[in-house]
Amino acid sequence: MIVSGLSGSGKSVALKTFEDLDYYCSDNLPVELLPDFVKSRLRGNPIGDQRLAVGIDVRSRSDLTQLAQWRQAAQEYGIEARLLFFEASDEALIKRYADTRRRHPLSHLGLALPEAITRERQLTEPLRTQADAVIDTSTLNVHQLRRRVVTEFALGSHDRLSLLFESFAYKRGVPAEADFVFDARVLPNPHWDPELRPLTGRDAGVRDYLDNEADVQRYSAQIVDLLDTWLPRLRNDTRSYVTIAFGCTGGKHRSVYMAERMARHAREQGWPEVATFHREQD
């Protein structure tokens with residue numbers, strides 16, 4: 001997966017999302033080094049077993065037009081190299097730079113921010129025209145962008161059902177894209193144990209605490225029964241992906257635990273495309 005686009009448009013968020021899904025990632029890689037990078041990662045490993053994500057942009061200081069030639073050569077060797085291009089409106093980019101107080105990569109040329117954005121659009125146009133998908137992030141927040149990357153690009157082939165298990169805090173709202181929503185607030189709350197309060201549902205202490213609660217076992221078994229019954233039917237209905245969300249008060253303990261537990265069960269059941277996303281933690 002090749003990730004490119006305008007500075008401030010969400011490329012770093014996309015790369016971090018791929019990394020969280022066990023892609024081997026490299027950012028700011030010059031195009032001329034891309035063939036050697038891919039060869040080094042594939043050496044001794046079947047092509048189908050490797051998931052790579054590479055960030056390429058104006059910082060690469062290389063001839064971006066070379067990318068088309070490399071992608072064509074890679075395809076002949078059975079390597080699928082998809083190019084995602086992230087962009088946003090000038091207004092959105094200017095606001096993001098104002099909020100973060102970061103400098104634009106082209107500011108060293110003595111350009112004001114609007115001029116730097118315009119210049120970057122010109123420099124990256126060869127990449128945009130090659131892109132398999134152009135993603136406008138002007139109206140997306142970080143959580144929405146991560147979810148879109150996971151569901152539309154990171155999980156793989158669309159001829160099979162991809163599962164995303166998500167945790168969230170009810171006080172911040174239910175994820176609009178969720179297909180199934182389960183309320184984990186009925187479960188015992190580790191928050192009230194001072195030793196467990198700083199931890200999350202991914203930590204062993206919280207897992208052990210909840211694993212030993214009878215209500216948690218009963219709750220989990222009933223959800224497993226529901227998902228094992230209906231997810232195969234959704235796959236037969238040609239769905240590409242399903243989001244299963246678990247909510248609790250703070251999105252830190254119970255919801256995270258349940259999302260991780262159900263994702264683990266799905267992998268054990270043989271579902272090939274499974275990911276987790278913890279909205280309040282990631």
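Note that the numbers count up from 1, one per residue, in the order the chain is shown.
In case you wondered, yes, glycine gets a Cβ from its N, Cα and C as well.
Taken straight from Swiss-Prot:
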type    : residues                                          : note
BINDING : GLY5, LEU6, SER7, GLY8, SER9, GLY10, LYS11, SER12 : ATP binding site
BINDING : ASP57, VAL58, ARG59, SER60                        : GTP binding site
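Same-chain residues at least 6 positions away in sequence with a Cβ under 8 Å from that of SER9 (ATP binding site) are, in sequence order, PHE86, GLU87, ALA88, LEU93, THR137. Other than the site residues GLY5, LEU6, SER7, GLY8, SER9, GLY10, LYS11, SER12, same-chain residues with C-beta atoms no more than 8 angstroms from the centre of those residues' C-beta atoms, the ATP site, are ASP57, PHE86, GLU87, ALA88, THR137.
Inclusion criterion for the binding-site residues SER7, GLY8, GLY10, LYS11, SER12: a C-alpha placed within 10 angstroms of the C-alpha of VAL58 (GTP binding site); this criterion is met by SER7. All protein chains considered, the CB of SER7 (ATP binding site) has 23 other CB atoms within 10 Å. Counting other Cβ atoms within 10 Å of each Cβ, the lowest count among the binding-site residues LYS11, ARG59 belongs to ARG59.
A Cα-Cα distance of 6 Å separates ASP57 (GTP binding site) from GLY5 (ATP binding site).
Around the Cβ of SER12 (ATP binding site), the same chain contributes ASP27, GLY55, each under 8 angstroms and 6 or more positions distant in sequence. Sequence-distant contacts (6 or more apart, same chain, Cβ under 8 Å) of GLY8 (ATP binding site) comprise ALA88, LEU93, ARG96, TYR97, ARG102, HIS104. On a Cα basis, ARG59 (GTP binding site) lies 13 Å away from LYS11 (ATP binding site). Considering only the binding-site residues LEU6, VAL58, the Cβ with the fewest other Cβ atoms within 10 Å is that of VAL58. Taking a C-beta cut-off of under 8 Å and a sequence gap of six or more, GLY10 (ATP binding site) has these contacts in its own chain: PHE86, ALA88, ILE135, THR137, LEU140, VAL142, LEU145.
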